[in-house]
Amino acid sequence: MGFCRKSNAKEEGKKETVFLRKKITLVRAIALTIGTVIGSGIFIAPKGVLQNSGSVGLSLVVWLACGVLSLFGALSYADLGTSITKSGGHYIYLLETLGPLPAFLRLWAEFVMIRPANIAVVSLAFGRYLIEPLFTPCHAPALAVKLVTTTGISLIIALNCWSISWSANIQTILAVLKMVTIGLIIVPGMMALAEGHYENFQNAFDTSSLALDKLPLAFYSGMFAYGGWFYVNFVTEEIINPERNIPLSVIVSLLIVTLGYLLTNVSYYAVLTAEEVLASEAVAVSFVDRAFKSISSAIPILVALSCFGSLNGGIFAAARMLFAASREGQWPPLFSMIHRRRNTPFPALLLMLPLIFLMVSIGDLYGLLNFYSFSRWLFIGLVTLGLMIHRYRHPEIPRPFKVPLFIPLVFTIICFFIVGMSLYSDPVNTGIGCAITLTGLPVYYLVVQKSRIPASCSAMFNSMTVKLQVLMEVIPQEIQTY
């Protein structure tokens, strides 16, 4: 992925411009998807899925269902991505299908809550796994974890500001490394099954511990582990042959991830009992301690690198949403500018840092995850609802990749069901998430309805933008989609 610079000799003074350039191949698109999906989730979510599903067998069914549901969502997004050929993901699809207000509320929730909280949680997992072995058998100090965490985040932001190609290449390498990490869990598990260790699968579908009101929470944990399948749609304009590569990348990626997740969970249960999984704070580490002690010290490092790759992919793509919103006039124009020498979205990347650091300083954000999930799944459901409405209103628009309507319909219904059940299961956190999202309403009327802004305030804002533009060495971009 990248940006290119050119000079327009026809204009007086030879005005310099930069434009988006297509550099994401099919392999890079697959690496981006796999690299952002496989993060900390598969190493911590099995406990939550098992706890809320009530049995080993049903937990495996939930993992499969989450994979199928994610594939339905990804196929729906691929339909949108090949007909609405703009970068920006959720935001741009809501803007084109349901209008500017839902799009801005999604953007607002992403900037103030979803993205900072998600990055902070994954980065804290990165920091803990990276330095925990240095303090064994004690726990690493919270301050040390936060220092390593902020260093890791700063490194990723600096990498993306310096070179998009470097970031994409590192993402490809880390995606391969993640599959190696998953393989180190799958192989010993399959070996245990080959030796006849099926005892942990006896009475696998015992429903005595099942509580139906807890089942949606099992899906929350599972879908958290699959989160990231939509990031390829954030960079649509930079994908080579998007009509072919977007659908292929999400199909291949999610088939690989779903199979890997199922085999990983089967391996967990081949070695660990259900009680041991529930008692473990880090299932992967407990598994390796039991099955493969000779590499137990390497697993925390591999998990940390897995989290690093997920962070890189998330930051890599999330900046494009802010970039796209700025270009559409719903976010400050500074976010749509490109560094004149590095050809990267420097302001959009750099200005994400303050809120991320604030979230990291808070520490444990798992409570925050519960109420940011409300906004995430509400708006993802609205995107696929928008797809069906867009199909009905604009049948004349060419759709190189067209999914049957039952796919977005099923996905939308399940998203809204999950959101509705979360209101019942956890009304406090869900209510807070809803309230934070709605704080975007007054901001919308100030940012989008620019006629409401006094002329003096507008002039001051423009002056500040120019000064920051000079300081950051950034200039507006020109779209090129060749």
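Along the chain as shown, residues are numbered 1 onward.
In case you wondered, yes, glycine gets a Cβ from its N, Cα and C as well.
Away from its own ends, the transmembrane segment (25-45) comes close to residues 1, 121-122, 125-126, 168, 171-172, 174-176, 178-179, 182, 221-222, 224-229, 231-232, 235, 239-240, 244-246, 248-250, 252-254, 256-257, 260-261, 264, 282-284, 303, 306-307, 309-314, 316-317 of its chain (Cβ-Cβ under 8 Å, at least six residues beyond either end). Under the heading transmembrane segment, TrEMBL lists 25-45 (among others).
According to TrEMBL, the transmembrane segment annotation covers 57-78 (among others).
Residues or ranges marked as transmembrane segment by TrEMBL: 112-131 (among others).
Look at TrEMBL and you will find 143-162 (among others) tagged as transmembrane segment.
Residues or ranges marked as transmembrane segment by TrEMBL: 174-194 (among others).
The annotation transmembrane segment is assigned in TrEMBL to 214-234 (among others).
Listed by sequence, the residues of this chain that lie at least six past the ends of the transmembrane segment (246-263) yet keep a Cβ under 8 A from its Cβ atoms are 26, 29-30, 32-34, 37-38, 42, 60, 63-64, 67-68, 70-71, 74-75, 77-78, 81-82, 179, 182, 186, 189-190, 225-226, 229, 232-233, 236, 239, 401. Annotation comment: TrEMBL describes 246-263 (among others) as transmembrane segment.
Among the features that TrEMBL reports, transmembrane segment is placed at 298-323 (among others).
The transmembrane segment feature in TrEMBL is assigned to 344-362 (among others). Within the chain, the transmembrane segment (344-362) has long-range Cβ neighbours (under 8 A, six or more residues past its boundaries) at 3, 111-112, 115-117, 119-120, 123-124, 146, 149-150, 153-154, 157, 160-164, 315, 318-320, 322-323, 326, 334-338, 368, 468, 472-474.
If you look up TrEMBL, you'll see 374-392 (among others) marked as transmembrane segment. With a threshold of 8 Å between CB atoms, the same-chain residues lying at least 6 positions outside the transmembrane segment (374-392) that come near it are 73, 76-77, 79-80, 90, 93-94, 96-98, 102, 105-106, 109, 113-114, 223, 227, 230, 405, 408-409, 411-412, 415-416, 418-419, 422-423, 429-430, 433-434, 436-437.
The annotation transmembrane segment is assigned in TrEMBL to 404-424 (among others).
Residues or ranges marked as transmembrane segment in TrEMBL: 430-448 (among others).
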TODO: Spell out yes or no: are there three or more C-beta pairs under 8 angstroms between the transmembrane segment (298-323) and the transmembrane segment (430-448), with each pair 6 or more apart in sequence?
DONE: no
TODO: Take a look at 57-78, 112-131, 143-162, 404-424, 430-448 and tell me which one has the most Cβ pairs under 8 Å to the transmembrane segment (214-234).
DONE: 57-78
Open item on the list: Taking contact to mean 3 or more CB pairs closer than 8 A (sequence separation of 6 or more), are the transmembrane segment (112-131) and the transmembrane segment (57-78) in contact?
Closed with: no
Task: CB contact flag for the transmembrane segment (57-78) and the transmembrane segment (430-448), at least three pairs under 8 A - done: no
Open item on the list: Which residues of the chain, 6 or more past the ends of the transmembrane segment (430-448), have a CB below 8 A from one of its CBs?
Closed with: 100-101, 104-105, 107-109, 112-113, 329-332, 370-375, 378, 422-423
